[in-house]
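Record features, source TrEMBL:
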{"type": "DOMAIN", "residues": "76-265", "note": "domain 'ABC transmembrane type-1'"}
{"type": "TRANSMEM", "residues": "12-34", "note": "transmembrane segment"}
{"type": "TRANSMEM", "residues": "80-104", "note": "transmembrane segment"}
{"type": "TRANSMEM", "residues": "111-132", "note": "transmembrane segment"}
{"type": "TRANSMEM", "residues": "144-165", "note": "transmembrane segment"}
{"type": "TRANSMEM", "residues": "186-208", "note": "transmembrane segment"}
{"type": "TRANSMEM", "residues": "246-265", "note": "transmembrane segment"}
Amino acid sequence: MSITKKSKIYSTCLFIFFVIVAIITLLPLALLAVSSLRPGSDLMRYGLNFSIDWANANLNEYKMLFSGANSYFVWYKNSLIITVVQVALALFLSACVGYGFAMYNFKGKNILFLCVLLVMMIPTEVILLPLYRLIVKMGLINNMWGIILPYLVVPMLVFFFRQYLMGIPKDFLDAARVDGCTEYGIFFKIMIPLMKPSFAAMGIYQGMQSWNNFLWPMIVTNSIDKITLPVGLQSLLSPYGNNYDILIAGSCFAIIPILALFVCFQRYFIEGMTAGGVKG
C-alpha cells in the first residue's frame, strides 16, 4: 500500500473520529434546546428526550423567563458585568506578570515562577475559607468586587502568557530601546499588539471560567439582586417546587454569550493556543 493511500485512510479515519466526538459533544446541547420548546407538563411527565410534538411546541417558558416574574435579567446583567470586568483586568494584569517572567532577569525569578506553578495545583476549595474571611474584612460581601478580586491575577494565564512571550525574539525589545522607546512603550505599543492571539485564546478561556463560576459567587452573595446567573438558575430549584421548564430555557439562553465569543474569536483562539505551546 502506497504512502499516499495510507495517508488518505488515516485522514478519513481521523475525520470520522472527530465527527463522532463533535456529535457526542453537541448532543446534550441539542437535547436541551429541543426540551426547552416542550410544554412544562410534558417535560415533567416524560423527562428530557428528543421526542417532541412540534404541533404543541411553544416558547411559553421563554416568555415566562423574560416576563419579569423572576430576576433572570438582573442575574444576566450581573454575570455580564462581572465577566467583562474580571476578564479585562485578569488579562491585563496576568499579561504584565507573564511579560516580566519572560523578558526580564531578576533575582528569585525561577523560584517565583515555581510558586506560580504550585498555586495552579492548589484546588480552589482549599483556599475558599481564607478568601472568604478576607472579603468579609474588606466589606465586600454582596458586592461585585467581592466576586472579582480573587481572580484578578490567574496563575494559568500568567503561565500561558509567559510561554507565549518566550517565543517572541528579544531583538524587538533591544531595537525599541535603541530607538528610545521606554519600557512602558515597549509593552503597550509593541508587545500587546503581538499578543492579540494569546489575548483572544485566554479571553475565551477566562470568560468561560468567569461566566460559569458558581461556588464563589454563591458564597459571597446572598441577595437576590446581587447573585450571578449560575446561582440564580440554581435558585429555581427548591424543596417546595422545581421549575425545570424555566430552568432549561434559562440554561439555553445562558449559553449564547460564550458561544458568540468563541464564534467571533475562534481563529485567534486556535492561533493563540498553538503558539503558546511552541517554547517552554
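Glycine too: its Cβ is placed from the backbone N, Cα and C atoms.
The stretch with the most CB contacts under 8 Å to the transmembrane segment (111-132), chosen from 12-34, 80-104, 144-165, 186-208, is 144-165.
Sequence-distant neighbours of the transmembrane segment (80-104) (same chain, 6+ residues past either end, Cβ-Cβ under 8 Å): 112-113, 116, 144, 147-148, 151-154, 157-162, 164-166, 168, 170, 173, 187, 191-192, 195, 198-199, 202-203, 206-207, 210-211, 217, 228, 257.
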